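**Student:** Mind having a look at this structure? Questions to follow.
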Amino acid sequence: MKVLAALALSALAMAKPTPPMPGMSLVQTGPQETRWVTAKEKHDMVMNHIGFFDITNRPETASIASKPKSYAFPGNVSHQAEVKPLLEKISADHIKANLEKFSSYPNRYYDAQSGVESAQWVMEQAQAVVGNIQGAKVEMVKHDWMQPSIRAIIPGKSEKIVAVGAHQDSINGNNPQGEAPGADDNGSGSMTILEALTALVSDQKIAGGEAANTLEFHWYAGEEEGLLGSQDIFQQYSQEGKEVVAMLNQDMTGYGETMGVITDNSDPNLTKFTKMILDTYTSAKYSDSECGYACSDHASANKAGFPSAFVYEAVVGQDNPAIHSPDDTIEKLDPAKMAEHAKLVVGFAYELAFATL
């Protein structure tokens, strides 16, 4: 039956629909809602903060919405003695320094050379962090557009995956290849998870492959154009039968006072666990919030059948108003806020790395 299902999916994938006009994209804005849009209409959706999957190259996924597998996530933290020393290694100044470099590219657009160069820089930083760990690797994930996604893998005793992700691309909503420093959206999340990775691999058990589960850190390409990179990765994982037991998304981490714990298109059990991590390992205030359909990359994991959670910089509506413009600069951000998000990532990743799931 699995073979027949795979063949059916392959047949659907080959039978890609023809756009009404050249250059149009097929977008999905709800579980059963798809339509063709022009490039201008698509960028208007970006500017109006309308979430969507671009499924032009994956039309078969329009009707695929796998219910995430249910896991019994821990009800208590078990590794405070190991995690708290790692939190002391998180440096707001280091996050800021990395973000100054990352937001210095003219833009990080998914289909521009500067987006390729910024991805290469991320890969170099990740390689410097995990390069001496036996069995660990950092790799480019190539797509049908210029910018690759970047993936760092720190193996554990099993092939079950605990994933942390952030999109690396930026966009100018009025002119996609125009100036887009993207300091908050999403340089902040990208550098937050890089800092967390740096702290995590300083732990001898993590670096020694003693964790029960494998850790993966992802920097996605093409989020702004319809969650493109994360769709590719998680749909491929689903097709290959990989088991992602948890995914935490970090998209915008540098603005506002009260974090927003996103409760739609996410896994309620994993979200409950994430709140416990916030309470234990950070000093952050947070409130529940909703961001709508396909608002960020956790939705790609959720759609592919993997439990996901998303902690945002603020309650939706109280977030950074300068995104998708040349004004999304580092001066508007709080490095200490990003450091709190990094603490969340470290606690989340460490506790689940050693959890029996």
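The count begins at 1 with the first shown residue.
Heads up, the Cβ atoms here are built off N, Cα and C, so glycines get one too.
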**Student:** From Asp184, Asp185, Asp264, Asp267, grab the residue that Swiss-Prot records in the same Zn(2+) 2 site as Glu224, His324.
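**Tutor:** Swiss-Prot lists Glu224, His324 binding Zn(2+) 2, and from Asp184, Asp185, Asp264, Asp267 it also lists Asp185.
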**Student:** Which residue of Asp93, Asp251, Asp279, Asp288 does Swiss-Prot report at the same Zn(2+) 1 site as His167, Asp185?
**Tutor:** Asp251
**Student:** Return the count of C-beta atoms lying within 10 angstroms of the C-beta of His324 (Zn(2+) 2 binding site), excluding that atom itself.
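**Tutor:** There are 22 such Cβ atoms around His324 (Zn(2+) 2 binding site).
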**Student:** In Å, rounded, how far does the Cα of Asp185 (Zn(2+) 2 binding site) sit from the Cα of Cys291 (disulfide bond)?
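**Tutor:** It is 15 Å, counting Cα to Cα.
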**Student:** Given the recorded positions Asn186, Glu224, His324, state which is nearest to Cys295 (disulfide bond) when distance is taken between Cα atoms.
**Tutor:** Glu224
**Student:** Report the nearest neighbour of His324 (Zn(2+) 2 binding site) in space among the recorded positions Asn76, Asn186, Cys291, comparing Cα positions.
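**Tutor:** With Cα distances computed to His324 (Zn(2+) 2 binding site), the winner among Asn76, Asn186, Cys291 is Asn186.
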**Student:** Using a 10 Å radius around each Cβ and all protein chains in view, which of these glycosylation sites has the most neighbours: Asn76, Asn186, Asn269?
**Tutor:** Asn186
